[in-house]
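Engineer: According to TrEMBL, the record shows the following:
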DOMAIN    37-203  domain 'FAD-binding PCMH-type'
ACT_SITE  ARG183  active site
ACT_SITE  SER232  active site, proton donor
ACT_SITE  GLU302  active site
Amino acid sequence: MKQVDGEKLLASLGEGVKELRGRISTDAPMDRATWFQAGGMAELLFHPHDEDDLIAFLKVLPEEVPLTVIGLGSNLLVRDGGINGAVVRLSAKGFGQAEFIGDNRIRAGAICPDKTISAVAMDNALGGFHFYYGIPGSIGGALTMNAGANGGETSERVVEIHAVDRKGNRHVLKNADMAYSYRHSHPPEGLIFTHAVFEGFPEDKAKIRADMDAVRHHRETVQPIREKTGGSTFKNPEGHSAWELIDEAGCRGMMIGGAQMSSLHCNFMINTGHASAYDLEYLGESVRQRVFEHSGVKLEWEIKRIGKFIPGREIKPFLGTVTD
Ligand SMILES: Cc1cc2nc3c(=O)[nH]c(=O)nc-3n(C[C@H](O)[C@H](O)[C@H](O)COP(=O)(O)OP(=O)(O)OC[C@H]3O[C@@H](n4cnc5c(N)ncnc54)[C@H](O)[C@@H]3O)c2cc1C
């Protein structure tokens with residue numbers, strides 16, 4: 001049975017939609033938009049052409065319609081019942097570029113891949129960005145998740161963030177407005193990041209290249225980077241590493257349906273072929289339960305789970321709390 005009705009939503013938006021320049025689609029399969037390649041449909045998916053087009057869309061979209069923003073989908077699990085309302089995914093054309101702007105700074109659009117920032121930084125002998133080389137997300141996702149690795153994280157490099165709110169008003173934020181914590185930020189509610197300015201420091205190109213190569217080599221050795229995955233499933237709890245707790249609880253390689261905790265890196269959950277979002281989330285909650293029983297530690301999800309369950313296939317969090 002169809003879980004969403006995009007045509008009805010689109011029709012309700014009225015004539016203003018005709019002025020939009022970006023691509024709009026209804027009942028859009030979200031398995032194509034996420035690394036897990038699982039999950040249901042978005043009622044409406046809009047790829048704004050540029051910032052003005054995004055603002056025009058927000059003005060056409062009634063306030064009561066739920067709005068979800070996605071980046072490159074490398075940290076997202078969309079539930080099988082799909083997403084009610086509109087999903088915005090910035091277009092690469094309007095939001096995908098990164099450029100060196102002088103004074104040790106780079107300006108990047110919010111759908112620009114993290115890897116591109118590393119490359120632009122290296123070309124301009126700017127240090128401090130090698131860690132982005134191994135993170136497969138976008139700048140918008142990095143700002144939301146305070147993405148980091150190999151000793152660096154987003155909060156250390158950002159200077160200024162540009163965003164648009166739900167009503168289509170533009171905002172400029174300072175880094176301090178983002179209230180970062182470990183793999184999390186807490187900016188004012190409901191903002192869509194459009195671009196950001198980053199600052200590094202002068203560094204020798206050969207050193208930067210060597211650091212980037214080390215990042216790549218490390219990833220290829222210890223992470224299942226060619227699988228359908230969402231990266232680390234759970235955050236590292238204070239004083240512990242999530243993978244060790246998972247391993248000690250006997251969950252390495254554990255499977256439910258087509259979902260598996262990777263044997264190579266047991267904090268990475270993978271879709272081995274045709275896993276449903278239900279399989280993946282049920283596996284994650286089962287791991288949380290086993291780890292709690294074994295060590296008393298409550299793991300918190302790092303992967304964002306969004307959308308709705310198929311009726312009758314709801315998953316109750318085993319530990320009574322849902323964490324994002
Ligand atoms: C193989 C693999 C390895 C990984 N390794 C790492 C790692 O080392 N370190 C690390 O930190 N992460 C890692 N990740 C996780 C992931 O890449 C990061 O969390 C990344 O920052 C997510 O970016 P994204 O564009 O894919 O965001 P998405 O997954 O699409 O979205 C994540 C969140 O960001 C929000 N968001 C995205 N764009 C915007 C925007 N423009 N405005 C407002 N909100 C927005 C979404 O609403 C959502 O809440 C890994 C993932 C994979 C698959």
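Every residue gets a Cβ built from N, Cα and C, even glycine.
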Engineer: Would you mind listing, in sequence order, the residues at least six apart from GLU302 (active site) in the same chain with a Cβ closer than 8 Å to its Cβ?
Structural biologist: ASN75, MET145, ARG183, GLY231, SER232, THR233, PHE234, LYS235
Engineer: Suppose we draw a 10 Å sphere around the Cβ of the residue listed as 'active site, proton donor'. How many other Cβ atoms does it contain, all chains included?
Structural biologist: 20
Engineer: Using DSSP and collapsing to three states, where does GLU302 (active site) fall: helix, strand or coil?
Structural biologist: coil
Engineer: Please classify the secondary structure at the residue listed as 'active site, proton donor' using three-state DSSP.
Structural biologist: strand
Engineer: Going by DSSP, is ARG183 (active site) part of a helix, a strand, or coil?
Structural biologist: coil
